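Participant: In case it's useful when we look at the structure, here is the feature table from TrEMBL:
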- 188-206: domain 'NF-X1-type' (DOMAIN)
- 241-260: domain 'NF-X1-type' (DOMAIN)
- 294-313: domain 'NF-X1-type' (DOMAIN)
- 347-366: domain 'NF-X1-type' (DOMAIN)
- 374-395: domain 'NF-X1-type' (DOMAIN)
- 399-418: domain 'NF-X1-type' (DOMAIN)
- 426-445: domain 'NF-X1-type' (DOMAIN)
- 483-503: domain 'NF-X1-type' (DOMAIN)
- 592-625: domain 'NF-X1-type' (DOMAIN)
- 635-653: domain 'NF-X1-type' (DOMAIN)
Amino acid sequence: ELSSQKKFDEIKKANQAAAKKLVEDQFSSSSEDDDEDAEIKQGKILAKTFTIYTSQTDGDASELERTRQYMNEAFQSGAMTCLICIASVKRNQAVWSCCGCFCIFHLVCIQKWAKDSLFLVSSPLTDDDFGKKDYPWPCPKCRFEYKRSETPSRYYCYCGKVENPTLDPWLVPHSCGQICEREFKPSCGHKCLLLCHPGPCPPCPKMVTTTCHCKKAKPVPRRCSAKEWSCHLPCGRTLLCGQHTCENSCHAGDCQPCPRVSKQRCICGRQTAERLCASPQWQCDQVCGKPLPCGNHTCEQVCHAGPCGDCPRSGKRSCPCEKSKFTLPCTEDVPTCGDSCDKVLECGIHKCSQRCHRGPCEICRQEVEKQCRCGKHTRRMPCHKPYLCETKCTKIRDCQKHQCRRKCCSGNCPPCDQVCGRTLGCRNHKCPSGCHRGSCNPCPETVDVKCNCGKTVIKVPCGRERTIKPPKCKQLCSRPPTCHHSTQEKHYCHFGRCPPCRQSCQKTLTCGHLCPVSCHDEALVKQTGLHQSAGPWEQPSEPAFIQTALPCPPCEVPIPVECLGQHEVSPLPCHSANPYSCKRFCGRLLDCQNHTCMKECHHVTKLNSSADGKKVGPECSQCEEECTKSRPSGCPHRCVLPCHPGDCPSCLQMLKIKCHCKLSILYIECLKLTCADLKEKECLISCKNQCPKEV
């Protein structure tokens, strides 16, 4: 149970990972990147294959288009299709290529095809005839015939040098990577310079010195594949009529018949007519009519050349039955001999029983015992009448399906005249051939596989249109955008949904700025919480992705904003661009003009519009400190007022102080004492009494 549960969990995780990858691939362009990498790699391989050829042509690759098409099909997944089994030809499968149409088949399929074809051709033969003739087998596509000995038995590369070529990702599939060296067709003595490749070899790129068709121009160096050239001067060769010369420009092959018209006599010379100079010999429709040597008859031949010859009635002539000969004048007819005719009648068995006579013999009227054509019945009847019975043949025809059903068949039954009608391998059409044994020929139809817009088309064998990958289209996608933009991003034609729009949103936000983020009209959002578990045994499912339009995010444009206390200006995102506290002390000078507001940066209401921005407001704190201003020198008292602006009031307190003689205590105002000079201080401190000190 534990092992089965573990296996179940592994399979579940694999399926979930595959589903997630499918969702990601559907809405991403990673597949396009992979295709671009594959195209780059394919371009490098093609360039490597064509290097030796293009080095001979100074980089000109215009003659390689047909070969390039075959090689592109070899690279494209699913492009090469075996017409026998209607399946893709893969890189690691053994193949065989037809030398006539260069179509590629699975080696196993073509071997079975050749075996079945030889069996169908040789099946009507007897054992004695079999093996006396080397019957050919045809290519399924172009019907090019191969001998029995040419039936492929081993897997070779395209050029036929290497058996079982190894699979190399940096070579053309089924190629050995060596120089092809097949002889060009038509043969010119040179060999192909490409690396081992599918399809036909390109034209020969070698340079040869050759003259024009009429041999009048000087020899010039030209490509071997285009060594036949015309100097465009008049040909000048004498035509078959012997009177005129060819006026056409320098050309290949024999000159055309003379196009001029001239008066020419017929063979007998009686009539003259205007006729083409190229056909001087012609007959009129008059009988010759010249007297023959016998003097009694005239020539009955139509317009002829030369002498008329002897009279056909002269010399020895035979009677109608050719048993007797007579020598008579040409004016007399040969009589009948009176003997029996004895000529073999049309039946080929009996002879004519009439006397020697002119004209054809009568039909055979003898009664004979005749056997019917199938040999099952006999009847006595006139020899000239055929005898066919009503028995129908029950033999099976060569298709091995239907009976002959022909009346009185001789045993050599004709081929089946019914239509095969079996469904072909393409599953779309039925076999139009006559009823036959063995496998039906591949469907000859081709189907167009189009891209989404229909401008790029490839032809594939019928039946492969359901599995073949659509062609890559280089046209831009013409679908209307599904978001709020008027035009969508440029991308190539494709199937399925368009990729998500990556343009800037540019919607106007409530603040007046434009949304700078990528378009979010079709954002992928995980859909969770919709499925309720039936119980604790049910595993939680992966969240589904849905496309939905998301609101624009908050505006992030930096806006310069001053703090509440006007200490600094900082750039803030537009969506949060409101007055803020910079966390510093307020610092405004209070009404006492001695201290500053110690509150955290806060809003200050201006009492009037003309007031200074740094002036204290009602929101600031009130100063509750004592006056700490310095007192006049000698005043030991503090200011009796709370912290205040301006100078402190005069100190009116009384100082208790002893006089000079230390005998009396005086009370003096602090202001008077602190403001007096030395003489005045001595006077104020004196008690005015007699000094008791001794001298």
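Every residue gets a Cβ built from N, Cα and C, even glycine.
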Participant: Same chain, outside the domain 'NF-X1-type' (294-313) by at least 6, Cβ under 8 Å from its Cβ: which residues?
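Facilitator: Sequence-remote neighbours of the domain 'NF-X1-type' (294-313) are 266-268, 270, 283-288, 330-331.
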Participant: Who are the chain neighbours of the domain 'NF-X1-type' (374-395) in space, where the CB to CB distance is under 8 Å and they lie at least 6 residues beyond its ends?
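Facilitator: That would be 345-347, 349-350, 363-368, 403-411, 413.
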Participant: Looking at the stretches 188-206, 241-260, 347-366, 399-418, 483-503, which one shares the most CB pairs under 8 Å with the domain 'NF-X1-type' (426-445)?
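Facilitator: Answer is 399-418, with the largest number of Cβ pairs below 8 Å.
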Participant: Hey, which bits of the same chain come close to the domain 'NF-X1-type' (188-206), Cβ under 8 Å, at least six residues off its ends?
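Facilitator: Apart from its flanks, the domain 'NF-X1-type' (188-206) reaches 48-50, 52-53, 56-57, 63-64, 66-67, 69-71, 73-74, 97, 102, 104, 157-159, 161-162, 165, 171-172, 174-182, 223-227.
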Participant: Would you report the average pLDDT that the model assigns to the domain 'NF-X1-type' (483-503)?
Facilitator: 87
Participant: Mind checking which residues of the chain, 6+ beyond the ends of the domain 'NF-X1-type' (347-366), have their Cβ under 8 Å from one of its Cβ atoms?
Facilitator: 319-321, 323, 336-341, 382-384
Participant: Helix, strand, coil: count each for the residues of the domain 'NF-X1-type' (294-313), based on DSSP.
Facilitator: 0 helix, 2 strand, 18 coil
Participant: Going by DSSP assignments with H, G and I as helix and E and B as strand, what are the residue counts for the domain 'NF-X1-type' (347-366)?
Facilitator: 0 helix, 2 strand, 18 coil
